[in-house]
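Engineer: Sending over a structure as structure tokens; questions will come in a sec.
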Amino acid sequence: MILLVNRKRLLDSPVNRSMHTKRTPTLGGVIVFIIFSITLIIMALLLGLPRENLLDILAILAGTILLMSAGVKDDLIGISPKKKLIIQVFAASVVVILTDLKITHGYGIFGLEELPYIVSVLLTIFIFILVINAFNLIDGLDGLAGTIGIITSTAFGIFYFMENRTAMILVSFALVGSLMGFLKHNLSRKRKIFMGDSGSMFVGFLLAYQAISFLNYNTAEINEQAFAQAPIMAIAILSFPLLDTLRVFCIRISQKRSPFSADRNHIHHRLLDMKFTHKKASLILGFLNLLAILVALLISGLYINLQLYILIVAIPVIYSSPWLFTRKKGKLRLTVPRRIKRLITGTSGD
């Protein structure tokens, strides 16, 4: 595939904010999609999944094909954000209609219990769009999207394994396996390939599907052994792309720019400014994502609204932790922010 992309000159050219300096093959997402689809279909047939599960898998593939077509076109010639959004809404709607997958319950967060039908459908489609675009925005560093995708899908897969949900286990780990194969080439120097919009939207769509399925299954109405903290865990699992998106949107709006305009204000850009390599920055952010999941597990026994408040505070702190350190003479040293230092020493700082 890499040789074909090079031969056809389907390459991504660097621009001012690019993390690469030479033209690089794109459409890596097509490879991920092909491997994922073949693996999922073969394993589903070998395991003899029920007809209902097979129909759900076909619906997932239908949605991903819609997004892949838009992503490939965007990678090659570009499409407007409006058209891209319309296709995302359509793909999400197809899956919601064909699988009847919806978030039907508020889990008691802020007193919300059972949701009205129209609210349930609109919320589900919104979460699809949010996660698709959040994951698309973090795909700006070699290895980052693949690393976060692997961690996120593995986390959901473990919960599906605990719930004995064979079809969703296949979805999770088929994605993990295909991303592992991609990551090898994404981090390669000689045969590098980028995921592209085709890949980031496809992976984001699958992560959104897993999150919504996880939330839907864990309502008490469906499952007597429901994991009552499912919304908190889903937020923690997807914490990095969600926080990074919220952060850059706030920065852009505060600067009176469109929240969809491109810049170098992402968290991974800050790590590169601290002289971390692409690989190290990706590993750091992957580790912090795992730390956020661990925090959610540790507070799972608390009242759900209290868990949410703790997570709202903890997640920004976790992902801001690299800025508490500076690299001096090749070593990381703790840096006390100036305002805190003034409080400790009692000096004015003049």
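Cβ coordinates come from backbone N, Cα and C, glycine included.
Okay, so TrEMBL annotates it like this:
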- 27-48: transmembrane segment (TRANSMEM)
- 54-73: transmembrane segment (TRANSMEM)
- 85-103: transmembrane segment (TRANSMEM)
- 115-136: transmembrane segment (TRANSMEM)
- Asn136, Asp197: Mg(2+) binding site (BINDING)
- 143-161: transmembrane segment (TRANSMEM)
- 167-187: transmembrane segment (TRANSMEM)
- 199-217: transmembrane segment (TRANSMEM)
- 229-250: transmembrane segment (TRANSMEM)
- 281-300: transmembrane segment (TRANSMEM)
- 306-325: transmembrane segment (TRANSMEM)
Engineer: Counting only pairs 6 or more apart in sequence, are there at least 3 Cβ pairs under 8 Å between the transmembrane segment (54-73) and the transmembrane segment (199-217)?
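Structural biologist: Taking Cβ pairs at least 6 residues apart, the transmembrane segment (199-217) and the transmembrane segment (54-73) are in contact, with 3 or more under 8 Å.
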Engineer: Taking residues 6+ outside the transmembrane segment (229-250), which of them lie with a CB under 8 Å of any CB in it?
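Structural biologist: Sequence-remote neighbours of the transmembrane segment (229-250) are 107, 109, 130-131, 133-135, 137-138, 148, 152, 155-156, 159, 204, 207, 211, 214-215, 218, 259, 263, 265-268, 285, 288-289, 292-293, 295-297, 299-300, 304, 307-308, 311, 315-316, 318-319.
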Engineer: With a Cβ cut-off under 8 Å, give me the same-chain residues at least six positions beyond the ends of the transmembrane segment (167-187) that come close to it.
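Structural biologist: Residues 2, 28, 31-33, 35-36, 39-40, 43-44, 47, 49, 53, 56-57, 60, 142-143, 146-147, 149-150, 153-154, 156-157, 160-161, 193-195, 199, 203, 206, 209-210, 213, 278-279.
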Engineer: So are the transmembrane segment (199-217) and the transmembrane segment (306-325) touching or not, going by 3+ C-beta pairs under 8 A with a sequence gap of 6 or more?
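Structural biologist: Answer no, regions not in contact.
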Engineer: For the transmembrane segment (115-136), give me same-chain residues lying six or more residues beyond its boundaries with a C-beta closer than 8 angstroms to one of its C-beta atoms, as numbers and ranges.
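Structural biologist: Residues 67, 85, 88-89, 91-93, 95-96, 101-106, 145, 148-149, 197, 200-201, 203-205, 207-209, 211-212, 238, 241-242, 244-245 contact the transmembrane segment (115-136) from elsewhere in the chain.
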Engineer: Given a Cβ distance threshold of under 8 angstroms, which distant residues of the chain, six or more beyond its ends, lie next to the transmembrane segment (281-300)?
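Structural biologist: Distant Cβ neighbours of the transmembrane segment (281-300) are 141-144, 146-148, 151-152, 155, 229, 232-233, 235-237, 239-240, 267-268, 271-272, 306-307, 310-311, 314-315, 318-319, 321-322.
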Engineer: Would you kindly list the residues that approach the transmembrane segment (27-48) from elsewhere in its chain, counting only those six or more residues past its ends and only Cβ-Cβ distances under 8 Å?
Structural biologist: 1, 5, 10, 54, 57, 61, 64, 68, 71-72, 75, 166-167, 170-171, 174-175, 177-179, 181-182, 185-186, 193-203, 206
Engineer: So for Asn136 (Mg(2+) binding site), how many other CB atoms are inside 10 Å of its CB?
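Structural biologist: The Cβ of Asn136 (Mg(2+) binding site) has 24 Cβ neighbours within 10 Å.
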Engineer: Give me the non-local Cβ neighbours of Asp197 (Mg(2+) binding site): same chain, 6+ apart in sequence, Cβ-Cβ under 8 Å, ordered along the sequence.
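Structural biologist: Same-chain residues close to Asp197 (Mg(2+) binding site) (Cβ under 8 Å, separated by 6 or more) are Gly29, Ala70, Gly71, Asp74, Asp75, Asn136.
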